[in-house]
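Asks: For reference, Swiss-Prot lists these features for the protein:
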type     : residues            : note
ACT_SITE : H19                 : active site, proton acceptor
BINDING  : Y14, Y64, N66, N112 : tRNA binding site
SITE     : N9                  : site 'Discriminates between blocked and unblocked aminoacyl-tRNA'
SITE     : D91                 : site 'Stabilizes the basic form of H active site to accept a proton'
Amino acid sequence: MKLIVGLGNPGREYELTRHNIGFMAIDELAKRWNISLNEQKFKGLFGAGFVNGEKVILLKPLTYMNLSGESIRPLMDYYKIDVEDFVVLYDDLDIPVGKLRLRMKGSAGGHNGVKSTISHLGTQEFQRIRMGIDRPKNGMKVVDYVLGRFTSEEIPDVNHSIEKAADACEEWLNKPFLQIMNTFNS
């Protein structure tokens with residue numbers, strides 16, 4: 001069984017914001033794999049299905065970004081999901097829009113959703129797909145930037161990165177994450 005989590009904030013006002021690119025990737029996977037995200041438990045919205053013979057759970061925590069671990073840990077405990085069968089997708093300011101970076105482990109890098117996940121799991125050793133949103137320009141505050149929407153010029157690159165993140169997740173169902181890293185980080 002695999003758990004794929006996208007980080008974001010709940011509510012219409014946060015839809016399609018930079019901070020919600022993880023949610024957008026989960027929506028793409030749900031559409032691609034015909035999984036309904038209609039169960040609300042564990043402080044999140046989730047759905048399950050079978051993909052290439054593997055049971056997959058998709059989760060969008062509804063706790064707000066900074067408390068994401070409060071949703072992830074109880075679901076992992078309930079379904080007895082090992083940390084190596086878990087991947088999290090989230091926005092990253094240090095990566096250009098449209099680009100991905102896959103990592104096996106690491107610090108939160110200033111991302112509060114990842115910080116909460118590390119805190120609740122008790123480890124930094126979990127797989128991540130970091131989705132580029134770039135840094136704010138012209139002295140814009142980071143909080144305003146991440147809670148802002150992508151520009152019309154960025155949308156094609158955003159859509160491409162969402163598709164590539166979904167492709168990486170799909171390959172991960174049948175291949176080691178390290179192999180997927182080598183493919184998608186090149």
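Backbone N, Cα and C atoms are what each Cβ position is placed from, and that goes for glycine too.
Surface or core, plus neighbours and distances: that's what I need for these features.
Replies: Here the Cβ of H19 (active site, proton acceptor) has 22 other Cβ atoms within 10 Å, regardless of which shown protein chain they belong to.
DSSP classifies N112 (tRNA binding site) as helix under the three-state reduction. Other C-beta atoms found within 10 angstroms of the C-beta of N112 (tRNA binding site) number 15, with every protein chain shown included.
Note on N9 (site 'Discriminates between blocked and unblocked aminoacyl-tRNA'): other Cβ atoms within 10 Å of its Cβ, all shown chains, come to 22.
Long-range Cβ neighbours of D91 (site 'Stabilizes the basic form of H active site to accept a proton') (same chain, at least 6 residues apart, Cβ-Cβ under 8 Å): L7, R18, H19, N20, I21, G22, H111, R130, M131, G132, I133, V146.
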Asks: List the same-chain residues at least 6 positions away in sequence whose Cβ sits under 8 Å from the Cβ of Y64 (tRNA binding site), in sequence order, or say none.
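Replies: Listed in sequence order, they are N9, P10.
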Asks: Taking the Cβ of N66 (tRNA binding site) as the reference point, list residues of the same chain whose Cβ is under 8 angstroms away and which are at least six residues distant in sequence.
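Replies: N66 (tRNA binding site) has long-range Cβ partners N112, G113, K115, S116.
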Asks: If you count Cβ atoms within 10 Å of the Cβ of Y14 (tRNA binding site), leaving out that atom itself, what do you get?
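Replies: By my count, 17.
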